[in-house]
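Quick look at what TrEMBL annotates:
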- 6-28: transmembrane segment (TRANSMEM)
- 36-113: domain 'Mce/MlaD' (DOMAIN)
- 245-265: region 'Disordered' (REGION)
- 308-327: region 'Disordered' (REGION)
- 317-327: compositional bias 'Low complexity' (COMPBIAS)
Amino acid sequence: MENKSHAMAAGLFVVAVVCLLAGLAMWLTRDRHQYVEYEMSTKDAISGLQPQATVRYKGVSVGKVTRIGFDPQSSGNVLIRIAVDADAPVSPQTTYAQLGYQGVTGIAHIQLDDSDTPQSVLTTGPSGLPRLPMRSSPLTVLADQGMLIMGRVDEATRRINELLGTENQQRFSAALGDIAGAAKGVNELTHSLNRTITERIDPAAAQLPELSENARRSMLALEKAGQEAGQLATEVRQLAQRLQNQGGPMDQLERGAESMGAAAEQLSRTTLPAVTQAASDVSRAARGMGAAASGITNNPQSLIFGEGRVQPGPGEPGFAAPAAAGR
């Protein structure tokens, strides 16, 4: 009996020590951080995500997943509740959630990040906790577009098969034949150009020094002509300057023109009226002489008897013989 009592006491002592150690370990390892809970609702699958999974903000661990269930507000959606360190800069206005995966293990975690633009705040659920918008992960997007990608791959394969069909192969063969013919023509053209260069261009190139010398001489002649033209222009400019100087030929011509203008004005004022009057007198005298000539022509006796009535002669009507002189 005494041995049994000692064994029982020893067992109770061991159990008490183990409980104390366990309590001490729990006290030492207790989490002293303050957490803020958020909820997220998504229609995508969350394969690999488990409760107590890590929550990371820009890659830094800031909390854990506390609960996974179904959203009573949206049928078919999964509701995820997370606890995030109160010191983490998480806000429903700027922060969104996304599934992240660790390598090839398939273990998922919640990845939090900030949006480039402010986002609308989601309504709270029955629990009253604020909700963060959750976006599809890259793997989910890739899986959703897998059928579309496969359809495009199938379409590309079909077109490649059509491109490599028998008819197109014949066309390719004909095109290759045309290319070979074109290459042959280019080769012949190259040989022809080589012969042309050897037979014609090389002799012409040999004459280039002589042509260059002729060109140099022409340039010298042009330069000399330019100098002479410059001298001639200088002489012409000097001559024009002399002509335009005061007392020069141009000045004298201008003065002569002024003198001629004055003489013409004087002629118009004095000489021309006198000449006009003399011409009028001459015209009247000429008209008088014309009238006299007409009268003599019509009555020549007027030169002897005057302009009176002419007496009729013998045999003319009204003739009277003169009386005898003795009577």
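Note that the numbers count up from 1, one per residue, in the order the chain is shown.
Quick reminder: no glycine exception, Cβ is built from N, Cα and C everywhere.
All annotation found in TrEMBL is predicted automatically rather than curated by experts.
Mean pLDDT, taken over the domain 'Mce/MlaD' (36-113), works out to 90 on the 0 to 100 scale. In terms of DSSP helix, strand and coil, the domain 'Mce/MlaD' (36-113) has 0 helix, 43 strand, 35 coil.
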